[in-house]
């Protein structure tokens, strides 16, 4: 399965691997001793913490295409392994057949289904690290080794800050071992970066970390976060206040929906909720969640189908399907070009709002359903 996926992307990708090229240029800057965060004009900037550059330094002696091929192989492998683990834990639905047949049948089906989705095929085509980080964080969220699970997520946070939001389930359950692991992993990544790259680390952690504009235009249709929606549609005077209020509301909703403990009798349901809700909160509250960051979408969709009324789930699926398959930018082009619009014009920028708005609806719907179920049980 890994070989098949690799061949498909290696031989047929029409998208320029812009992200792996940035990683490659950052790795070369690191090895050559040139500034990591200040590339030549016209180049995309390296925006990750110094620890990420150290992790990616293996790219330096390779060509850009060679580095992308390795990233493609790693992403295809982690998609397959994630499907295997998710199917085994009940995070992805499977048919009630024998174990050997279940693996042989469902693994390729789910792997193919996932890479058809825009977050996956665009991540692989661009050489992004999202799928690899998702796989590590998925393991961290679902393992019984709480400290080491947290440690893995903390290291991911040292590569890309957004995974730190995945600590919300552990905070809800008072899982101090997991939180201690997260803190240890994150602080270890900072310490390693500071030890090996002191000047670069000081520049990043004291200055560049706060500059969200370095990652691209926040109003770009590909920014599928609450902040992206506000940047596209709200005046500057109220944008920041609304983002804070909505971000807090999302966190509170996630807190209320997350299980207080993992019940062995309904472990599969609790794990689905833990993974889906924490990922939804992370993607919504981040200042920037590009469409290819939504590699958690399959788990969110499975959870939404379980907690929402069936008719609402069907409607939500139909609304999400075009952007989930094509992505907001490609969907905007499909709509705009026949009408003579610029694909980046405000007239079609709403394609970037679909995923975050639907995710907010899912959170609200889950809260309403939960409250109705609680009242019915009480009566």
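Backbone N, Cα and C define each Cβ position, glycine as well.
TrEMBL annotations: computationally assigned, not manually curated.
Summarising the annotation, TrEMBL assigns transmembrane segment to 66-83 (among others).
Under the heading transmembrane segment, TrEMBL lists 103-121 (among others).
Long-range contacts of the transmembrane segment (176-197) within the same chain, counting only residues at least 6 positions beyond its ends with a Cβ under 8 Å from a Cβ of the stretch, are 30, 36, 49-51, 53-54, 146-159, 164, 167, 170, 205. According to TrEMBL, the transmembrane segment annotation covers 176-197 (among others).
If you look up TrEMBL, you'll see 240-258 (among others) marked as transmembrane segment. Sequence-distant contacts of the transmembrane segment (240-258) (same chain, six or more residues past either end, CB-CB distance under 8 Å): 168-169, 172-173, 226-227, 230, 234, 273-274, 277-278, 280-281, 284-285, 360, 363-364, 366-367, 370.
The transmembrane segment annotation in TrEMBL covers 270-288 (among others).
Remote same-chain residues near the transmembrane segment (294-312) are listed as 86, 91-93, 113-114, 117-120, 123, 130-131, 134, 224, 269, 272-273, 275-277, 279-280, 282-283, 320, 324, 355, 359, 362, 365-366, 369-370 (criterion: CB distance under 8 Å, separation of at least six residues from the stretch ends). What TrEMBL lists as transmembrane segment is 294-312 (among others).
Per TrEMBL, transmembrane segment is recorded for 319-341 (among others).
Sequence-distant neighbours of the transmembrane segment (347-368) (same chain, 6+ residues past either end, Cβ-Cβ under 8 Å): 219-226, 228-229, 232-233, 250, 253-254, 256-257, 277, 280, 283-284, 289, 291, 294, 297, 300, 303-304, 307-309, 312, 316, 319-320, 322-324, 328-329, 331-332, 335-336, 341. Annotated transmembrane segment per TrEMBL: 347-368 (among others), in sequence order.
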